[in-house]
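Lifted from Swiss-Prot, the feature list:
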- TYR149: active site, proton donor/acceptor (ACT_SITE)
- GLY23, HIS24, ARG25, GLY26, LEU27, VAL28, GLY29, LYS153, PRO176, THR177, ASN178, LEU179, HIS192: NADP(+) binding site (BINDING)
- ARG200, TRP215, ARG222, ASP282: substrate binding site (BINDING)
- ALA2: N-acetylalanine (MOD_RES)
- SER120: site 'Important for catalytic activity' (SITE)
- CYS122: site 'Important for catalytic activity' (SITE)
- LYS153: site 'Lowers pKa of active site Tyr' (SITE)
Amino acid sequence: MAETIGSEVSSMSDKSAKIFVAGHRGLVGSAIVRKLQEQGFTNLVLKTHAELDLTRQADVESFFSQEKPVYVILAAAKVGGIHANNTYPADFIGVNLQIQTNVIHSAYEHGVKKLLFLGSSCIYPKFAPQPIPESALLTASLEPTNEWYAIAKIAGIKTCQAYRIQHGWDAISGMPTNLYGPNDNFHPENSHVLPALMRRFHEAKVNGAEEVVVWGTGSPLREFLHVDDLADACVFLLDRYSGLEHVNIGSGQEVTIRELAELVKEVVGFEGKLGWDCTKPDGTPRKLMDSSKLASLGWTPKVSLRDGLSQTYDWYLKNVCNR
């Protein structure tokens with residue numbers, strides 16, 4: 001099917017339309033709920049895992065039969081770091097496939113008008129061209145450390161495409177870059193680089209440490225997008241995009257790990273020294289998504305990295321430190 005873009009596919013003018021946000025308690029889902037409420041949507045359906053286990057097909061069927069949402073945003077997923085992916089591969093591929101298959105099929109069967117499936121930049125090959133275009137999908141081998149999760153997410157994209165091709169159903173997919181913001185994971189053992197840096201600098205500041213040492217040289221380039229920008233992009237795509245191909249969602253702005261660390265250090269107010277352990281690995285030299293397709297649709301990010309870090313640190317102080 002041909003792609004359709006622009007105002008002619010604008011579909012979310014009814015602010016009372018019922019919208020099911022799957023995974024509303026996570027980093028992504030909670031931001032999407034905030035954005036929808038901010039834009040005046042009043043009929044959001046939100047279910048905790050205890051209320052609705054998305055891996056149970058019969059329960060998901062029953063939910064859609066009773067609630068009959070008009071739109072679905074699928075932000076629910078089993079996520080984790082390298083250690084978790086290596087230790088529980090069956091969980092990462094199995095649980096995510098179950099969630100996706102159950103929600104996508106039930107949404108179609110029960111007349112959902114449109115579904116947005118959210119994936120991850122890890123769907124792309126380990127040695128993808130930089131910046132990574134949507135067309136890089138399935139062109140080479142994945143990063144082995146998270147291939148179980150990545151394969152499940154690729155299957156989600158392909159499931160949406162299959163329902164569009166066979167049934168003409170409006171299911172679309174968005175692939176976010178590295179995200180950060182309120183409700184991020186700040187756990188010392190399994191958080192990603194940005195929240196990990198924020199926690200380390202904060203604890204060093206509180207404890208009066210003289211130095212924070214970061215792994216590597218600080219030279220790798222990374223891209224970060226504030227989760228509120230992602231949420232804005234999701235609502236934009238749900239409203240304005242209808243196409244077979246998935247859409248990259250990124251900031252388009254690169255920063256070295258060294259620059260990021262300096263910025264986090266400044267935002268947190270740590271006045272000690274920043275050191276680098278160059279005996280430790282740097283990881284991939286560059287990872288940037290090509291988000292020109294999304295830009296051509298008329299969407300651009302609004303939150304600068306500095307402002308986003310300040311907002312995230314404020315949230316961290318109020319919600320993590322005070323627990």
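Cβ atoms here come from the backbone N, Cα and C positions, even for glycine.
For ARG200 (substrate binding site), the count of additional Cβ atoms within 10 Å of its Cβ stands at 21 [all protein chains shown]. Among the recorded positions listed here, namely SER120, CYS122, TYR149, LYS153, ARG200, SER120 has its C-alpha nearest to that of LEU27 (NADP(+) binding site). All protein chains included, TRP215 (substrate binding site) registers 15 other Cβ atoms within 10 Å of its own Cβ.
Within 10 Å of the C-beta atom of SER120 (site 'Important for catalytic activity') sit 20 other C-beta atoms, taking all shown protein chains into account. Taking every pair among ARG200, TRP215, ARG222, ASP282, the residues listed as contacting substrate, the largest Cα to Cα separation comes to 19 Å. Figure note: comparing Cβ neighbours within 10 Å for the binding-site residues ARG25, ARG222, the maximum is reached by ARG222. Of the recorded residues, ASP282 (substrate binding site) and ASN178 (NADP(+) binding site) place their C-alpha atoms 17 Å from one another. Listed recorded positions: LYS153, HIS192; maximum Cβ neighbour count within 10 Å falls on LYS153.
Cβ neighbour count for PRO176 (NADP(+) binding site): 23 (other Cβ atoms within 10 Å of its Cβ, all protein chains included). Rounded to the nearest whole angstrom, the C-alpha distance between ASN178 (NADP(+) binding site) and TYR149 (active site, proton donor/acceptor) is 15.
Under the DSSP three-state reduction, ASN178 (NADP(+) binding site) is assigned to strand.
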